[in-house]
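J.: Let me begin by handing over the structure; questions about it come next.
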Amino acid sequence: MGKNQNLWSCKRGILQCLIMVFVCKTAAGQIRYSIPEEMQKGSFVGNVAKDLGMDRKQLSSHGLRIVPSIGRIQYFIVNNGRLQISERIDREEICGESENCILKFQVIIESKLQLFGVEVEITDINDNTPQFLPVEWKLKISETAALGDRLLLPKAQDPDLGVNSIQSYQFTGSSHFSLHVQMEENGIRCAELVLEKGLDREDQPLHDLVLTATDGGDPARSGTAQIRIIVLDANDNVPVFTQPIYEASVLENIPKGFTVCTVQAIDKDEGINREIKYTFQKITDKNAKFFLLNSTTGEIILKESLDYEASSLYQLEVQATDGGGLSDTSKVVVFVQDLNDNMPELAVTFVINSIPENSPTGTVIAILNVQDRDSGVNGEVKCSIPSNLPFQLKKSIDNFYSLVTDSPLDREQVPAYNVTVTATDNGTPPLLTSTIISLQLLDANDNPPLFTESSYMSYILENNLRGASIFSLKANDPDWEENAKVAYSIMEGGMKSPPLSSHLSINSESGAVYALNPFDYEEFQEIQFLIRAQDGGSPPLSSSVSVTLFILDQNDNAPEILYPSPPTDGSTGVELAPRSSEPGYLVTKVVAVDADSGQNAWLSYQLLKATEPGLFTIGLHTGEIRTARPFLDKDALKQSLVVLVKDNGQPPLSASVTVTVVLADSIPDVLTDLSSISTPADPQSDLTFYLVVAVAFVSCLFFTFLLVLLALRLRRWKNSQFCDSGSLNFTGVPVSQFVGIDGVRAFLHSYCQGVSLTTDSRKSQFNISKANNSDMLTNQLTGDVKEPTHAIEDLNLNSGDLIVIQVS
């Protein structure tokens, strides 16, 4: 049966919890909930976020938490907007016998710094069983007691309130007595035994009863006490207290040993029946800690000092019992008077240690909570700050203050503040406490980096090393820390191709500019680009400066000979000079260029080697090869000249070319002598053999065709100076009427068709060119030049002889 009763009690408790949880919002930013006591930790109380009108998104972005109270147990927590129980809640322990039990606290929306008050009413449940202290009692009654006399029974203690408190008493064990239950002024039921039958000590000196106290809970709880009634000899006078209620007023902090009050009871009996003993009839552990009762004198003495903030009222019940077992009870009420013995408690619940200097007026710096455990004027507290600061204190709900900015802030004038907040109560003398809030002003990024120069120019030699440092620049930012941290970068767009990133880099911290690759003056003479300096602010500020980098030339290019063209097939350049040439005759001109610039491109020419030293001279700066003296018969037909072309760089670079000059007065002489000019043959192979046979065959055909064609043309030129003795004679023909055929300078009257073939050459060319001036490399056309009557394609010949044919 006990198990079923406990199960029913548990079910009823759960049902009661579900029924009693409700939520109601009150005015002025207050939220009120009601829950039963003894709910499990983590139990749901109410949805604070929803009751404040916050959805999940707002809850995630703004944040919601409980503001901790100084010196108090935190019974609740806010978890994802839900108010939950964090500590065991015992209504009797928290509120004692108070009819209303309300826990108050505050919640704060962190991003908005808004405070809301929350009240949670703790309702009573039937969680305490009535009990008698002690469980065994001995009562004495005179055998002469008259019928209807009443014997006060011990009271059972039940901390619960209302219907959950003690509702009835019952007893068993004796027919001499009946039970009478009555309600006192304070609403507490008390039980009395009423004598129904006369007592006879000699017949029955003891009466053992079982007294049961039952509360009104659902299910009901009950407690029992063993009552032993001892029948005494006649003692017909009951002790009577001089006052039904004793009241005493005591200042808090009175030392222990102080006599609070003295109770007194009078008994008209004599002897042992008149001796009175005083005891506490009903005393809690809390009261027993502070009060001691002298059983003989009735003095109530302090065991420890009282604290108004802990409890301002104590109620005691004293019983006076005479020697005959008769007793009377009286109530003692002790009032505790408050003293201004507690300093205000100042707590910083929220603080911002640093704000930007451009924060708007009204920015919240800190939220403070001030409390004073005293009461009345002693507990009234005011907060203040020095008046010369750009801040003010604004009072919010209850005892909360907000420290906000009152005027614009300037970090350059005052970089930091130490704000002293003082809390003072209204007691006499007043007590105060203070705290210091330190505030650091953060710099606003309001200054861009500035370069020390409006533009920069730098120089670097071409062919520089990879990673060579070119120059450094610097930008200054008057801001602070990250706002003043400058990062350098090169802005693209200064060069078309390739991009700047392949040529230049910059150290983002030091501003040093480096060359990623060697520069070539012949590719770029100067580079213009922009360098940007950007600070680390948010948003970042930046500025840029124009930089011009000049590439300085180095002598890294050797002269390149354009004419005569360097041979590619092993042959040498051949020029023709008549034996009748006079000193100063222009044989040819060596043309060269240098890709460098300045003095590195200044060229000079000189003869390194000649077959006949002193026969030819060359212009130092023109490259013109002229005769130095008339030709002699002993001079060799073929003159080899090695020409050196040198630039003016440091160190100088040079190139050389070999020019072969053939001395001849007639074409047969030229052909005979040129046949001896050959170049080393390629290695013999079958392929070479077949090619030579094919070229020889084609050459014979072509040579026969030319002879026929030449015979036809010679008939028309009978009066020409070339028709002397039936052979070709070049005497008297101006040099300017020759054209070069594979390096041999032959000259024709108007247009020439020439076939050039070097010995064992795999490729021969047939060139058509116009008349040349003797002292110019470029061809000059005369007004009466006729177009050639025949055009002959390139032919392959196997003969090493050079054939020159003039065609009108």
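Note that the numbers count up from 1, one per residue, in the order the chain is shown.
Glycine is treated like the rest: Cβ placed from N, Cα and C.
Reproduced below are the annotations present in TrEMBL:
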SIGNAL    1-29  signal peptide
DOMAIN    27-132  domain 'Cadherin'
DOMAIN    133-241  domain 'Cadherin'
DOMAIN    242-346  domain 'Cadherin'
DOMAIN    354-451  domain 'Cadherin'
DOMAIN    452-561  domain 'Cadherin'
DOMAIN    578-682  domain 'Cadherin'
TRANSMEM  687-712  transmembrane segment
J.: Summarise the domain 'Cadherin' (242-346) by DSSP state, stating how many residues are helix, strand and coil.
T.: 10 helix, 48 strand, 47 coil
J.: Under 8 angstroms, Cβ to Cβ: which one of 242-346, 354-451, 452-561 has the largest number of such pairs with the domain 'Cadherin' (27-132)?
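T.: When the Cβ pairs under 8 Å are tallied, 354-451 comes out ahead.
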J.: Within the domain 'Cadherin' (242-346), what mean pLDDT does the predicted structure show?
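T.: Its mean pLDDT is 90.
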J.: I'd like the per-state residue tally for the domain 'Cadherin' (452-561) from DSSP, helix first, then strand, then coil.
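T.: Helix, strand and coil residues of the domain 'Cadherin' (452-561) number 7 helix, 49 strand, 54 coil.
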